[in-house]
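Engineer: One structure follows; several queries about it will come next.
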2 protein chains.
Amino acid sequence: MAVQIRKLDSTAPDFTQTLDALLAFEAETDDAIESAVARILADVKKRGDAAVLEYTNTFDRIPNGGAASMAAFDVGQAELDAALAALPDAQRDALRVAAERIRVFHERQKQELNGFTFTEPDGTVLGQRVTPLDRVGIYVPGGKAAYPSSVLMNAIPAKVAGVQEIVMVVPTPSGVKNQMVLAAASIAGVTRVITIGGAQAVGALAYGTESIPAVDKIVGPGNAYVAAAKRRVFGTVGIDMIAGPSEILVLCDGTTDPDWVAMDLFSQAEHDELAQAILLCPDADYIARVEESIHKLLPTMPRAATITTSLTDRGALVKVRDMEEACTIANAIAAEHLEISAEEPLKWADRIRHAGAMFLGRFSSESLGDYCCGPNHVLPTSRTARFSSPLGVYDFQKRSSIIQVSEAGAQTLGKVAATLAYGEGLQAHARSAELRLKS
Amino acid sequence: MAVQIRKLDSTAPDFTQTLDALLAFEAETDDAIESAVARILADVKKRGDAAVLEYTNTFDRIPNGGAASMAAFDVGQAELDAALAALPDAQRDALRVAAERIRVFHERQKQELNGFTFTEPDGTVLGQRVTPLDRVGIYVPGGKAAYPSSVLMNAIPAKVAGVQEIVMVVPTPSGVKNQMVLAAASIAGVTRVITIGGAQAVGALAYGTESIPAVDKIVGPGNAYVAAAKRRVFGTVGIDMIAGPSEILVLCDGTTDPDWVAMDLFSQAEHDELAQAILLCPDADYIARVEESIHKLLPTMPRAATITTSLTDRGALVKVRDMEEACTIANAIAAEHLEISAEEPLKWADRIRHAGAMFLGRFSSESLGDYCCGPNHVLPTSRTARFSSPLGVYDFQKRSSIIQVSEAGAQTLGKVAATLAYGEGLQAHARSAELRLKS
């Protein structure tokens with residue numbers, strides 16, 4: 001199957017509708033998955049460890065007839081450290097460099113959010129405290145989508161936030177552990193690793209079992225069962241966003257090596273057949289050169305089949321009027337990853353209101369950010385960058401308001417509160433304020 | 001029915017189980033509501049204004065055979081301003097004082113979050129931008145639960161965040177508009193008011209219709225249909241938390257006038273029969289005095305029936321060993337509103353890790369905070385203060401990462417990224433990084 005990437009022109013009368021249709025993505029809700037997940041969660045809530053053990057032995061095909069107890073799924077610190085020590089030096093060093101850069105960036109996020117208090121002339125003190133969550137769960141997929149980089153990106157912000165307990169769950173299909181994932185857990189400072197997965201792991205983290213304490217928030221990607229389970233336990237615990245397919249939008253002024261842009265599009269498309277890679281460029285000749293690069297480079301890619309499907313089904317090369325229009329379209333797309341591959345990237349970045357992460361200048365390939373620049377690679381997908389943010393330290397902190405009203409403050413505030421409370425028909429509210437009045 | 005508030009003792013062997021059972025609250029999911037909401041949302045998505053008009057005319061019993069078009073539901077700025085001008089002076093002044101204090105407090109939140117950039121020695125720039133949402137929807141309940149204070153608490157943080165369009169929807173059962181709610185919208189700077197409600201209003205805001213632009217986030221309380229609709233559109237738009245029943249937890253060292261504490265418990269209990277009011281105190285005699293105050297003051301309360309049910313079903317007066325234990329229990333409860341009515345409130349506040357808002361000292365009644373101290377009264381309920389925060393300016397902002405890698409930076413980062421990408425089997429990621437290497 002040859003790649004057939006669609007070419008669009010922003011001056012076409014139906015351009016907006018065509019683009020909207022291309023961007024449209026609705027996660028399917030599968031009734032069979034929903035009811036299976038509801039059943040598993042209820043069972044884990046009721047039977048605890050016994051249920052988790054049974055599901056894990058069955059679904060993950062744990063060898064030798066399955067584990068005898070939950071204790072078998074706990075991976076000790078020594079095993080994590082051994083996995084790290086056993087890695088090839090280059091991989092260990094790369095993980096360490098990435099982890100340190102991620103930590104440094106996220107420390108900046110932490111510095112920004114300190115809370116505040118201020119005192120009014122009458123002595124009333126108002127403020128906001130910022131505190132970490134006590135305990136969080138990190139879901140790490142097993143099998144082919146087991147990414148050590150995701151362990152770093154999910155665990156390090158929690159660590160920086162000051163979370164005391166970071167419980168990582170990772171399924172081990174057929175009992176096989178991914179050594180690079182364990183090594184990443186060692187580096188990231190995960191406090192406990194349990195080799196369970198699926199809806200049963202989400203349930204265990206949300207409700208707690210005899211052997212697993214309930215956490216306050218669950219983050220990390222997973223398959224359709226995990227996503228459905230996270231949605232269902234939301235409220236009992238916090239969750240991060242339910243991620244859609246990954247996306248890249250490249251804005252290029254036509255001055256970047258077309259091979260680089262083609263490979264950047266590939267780096268998104270290779271993730272998943274549903275991944276989306278789009279180029280916006282005002283230069284038709286340049287677009288043609290990128291297309292040539294795509295055809296030239298694609299056969300060299302081990303994941304050519306995935307790339308071909310992704311680019312054919314969901315990709316596009318878009319000729320725009322100018323870079324100004326490219327920015328307008330980029331704001332409507334609100335992409336997860338936005339590369340501005342241009343001579344004056346900041347000039348265009350200043351016009352962008354919505355993007356998960358912006359990669360500015362031709363040396364800033366998305367792949368650098370995916371691994372080791374420092375900012376998080378967990379980013380809002382499917383246009384949710386309009387209202388949400390990269391995963392960060394702030395996702396592992398929460399705020400509490402501080403209100404300390406002085407006796408003098410209670411006199412002035414009490415009258416205002418009582419007036420409004422009577423207006424709303426809430427007389428106990430009004431009386432509660434009035435009891436603090438001196439006269 | 002006389003109030004029968006349960007008395008617990010933390011030294012009882014079954015205390016923890018008893019308290020857990022008392023705190024347990026699960027929002028019912030009603031299949032009839034779920035399917036009705038799913039149908040209404042799908043219809044609004046498909047037919048737009050026509051669907052919203054029909055549902056509104058029917059469900060809200062709009063008089064004179066219903067409105068002829070959506071235009072009839074738009075409330076112009078002149079009508080909002082007229083509602084404000086027509087209020088009694090004391091109410092108008094109180095709303096203005098409250099609005100100004102809320103604005104001042106939320107400006108402090110905004111100052112805290114500025115984003116950052118930093119430059120590394122090789123010229124690589126990393127950072128985080130903070131930008132407001134473009135357009136938000138605020139849901140305001142109609143009928144008996146129409147609270148002008150909620151208009152201020154939801155709209156002002158959005159305004160302070162820099163949101164350009166604030167679209168408020170409020171149903172008007174039988175076509176009756178709440179003038180104090182319209183006045184609050186005028187003060188808060190809401191940019192458009194539409195008198196629609198229910199799941200149809202949530203659908204209109206989430207998907208957009210011919211007359212209503214799609215928003216990026218929907219906040220504000222509503223009934224079971226509104227809550228179900230918000231859950232369903234989450235992902236298409238952002239939403240705030242789905243609030244459970246309101247709660248107050250009072251920690252008292254026995255030095256506060258017991259009438260004050262009794263009235264503070266009432267001020268929560270009068271909201272709703274499901275509301276929860278709990279006192280923790282180490283002094284048994286003082287608890288008895290609070291109980292006397294409850295019996296003495298309850299007959300004076302217009303909402304005595306609601307208060308009686310709430311206190312009987314979900315309230316408790318708890319004798320604890322000491323204030324240290326009270327703080328430990330408070331952390332487990334993670335209350336929406338926590339009053340520390342004690343001689344040294346800060347001493348105890350420093351031990352609190354989880355609470356939506358802390359009211360320190362005996363003059364800080366929750367009712368002052370509900371209306372006019374400045375911090376938000378939209379707070380995490382049902383133990384969600386373990387992982388979430390009061391509504392704030394930050395709910396109307398989002399962050400974008402900035403990554404501008406220098407040519408020199410691409411050399412060092414590229415090797416790290418390529419090593420990790422090959423380790424994860426993502427070769428296009430690796431090649432994308434390697435193409436930027438000079439050698």
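Glycine is no exception: its Cβ is also placed from the backbone N, Cα and C atoms.
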Engineer: According to TrEMBL, A:S246, A:Q268, A:H271, A:H337, A:E424, A:H429 bind substrate; identify which of A:D216, A:D313, A:D370, A:D395 is listed for that same site.
Structural biologist: A:D370
Engineer: Provide the number of Cβ atoms within 10 Å of the Cβ of A:N223 (NAD(+) binding site), excluding the reference atom itself.
Structural biologist: 16
Engineer: Based on Cα distances to A:Q268 (substrate binding site), point out the closest of the recorded positions A:Y139, A:Q200, A:N223, A:E336.
Structural biologist: A:E336
Engineer: Taking Cβ atoms only, which of the recorded positions A:Y139, A:Q200, A:N223, A:S246, A:E336, A:H337 fall under 8 Å from chain B?
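Structural biologist: So none of them sit by chain B.
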Engineer: Please compare the binding-site residues A:H271, A:H337, A:H429 by how many other CB atoms fall within 10 Å of each one's CB, and tell me which has the fewest.
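Structural biologist: Counting other Cβ atoms within 10 Å of each of the binding-site residues A:H271, A:H337, A:H429, the minimum falls on A:H271.
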Engineer: Given the binding-site residues A:S246, A:Q268, A:D370, A:E424, which one is most crowded in terms of C-beta atoms within 10 angstroms?
Structural biologist: A:Q268
Engineer: Specify the count of other C-beta atoms within 10 Å of the C-beta of A:Q200 (NAD(+) binding site).
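Structural biologist: The answer is 28.
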Engineer: Within 8 Å of the Cβ centre of A:Y139, A:Q200, A:N223, which other residues of the chain have their Cβ, at the recorded NAD(+) site?
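Structural biologist: In sequence order, the nearby non-listed residues are A:P141, A:V169, A:P171, A:G197, A:G198, A:A199, A:A201, A:V202, A:G222, A:Y225, A:V226, A:A229.
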Engineer: According to DSSP, collapsed to three classes, what secondary structure does A:Y139 (NAD(+) binding site) have?
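Structural biologist: In the DSSP reduction, A:Y139 (NAD(+) binding site) maps to strand.
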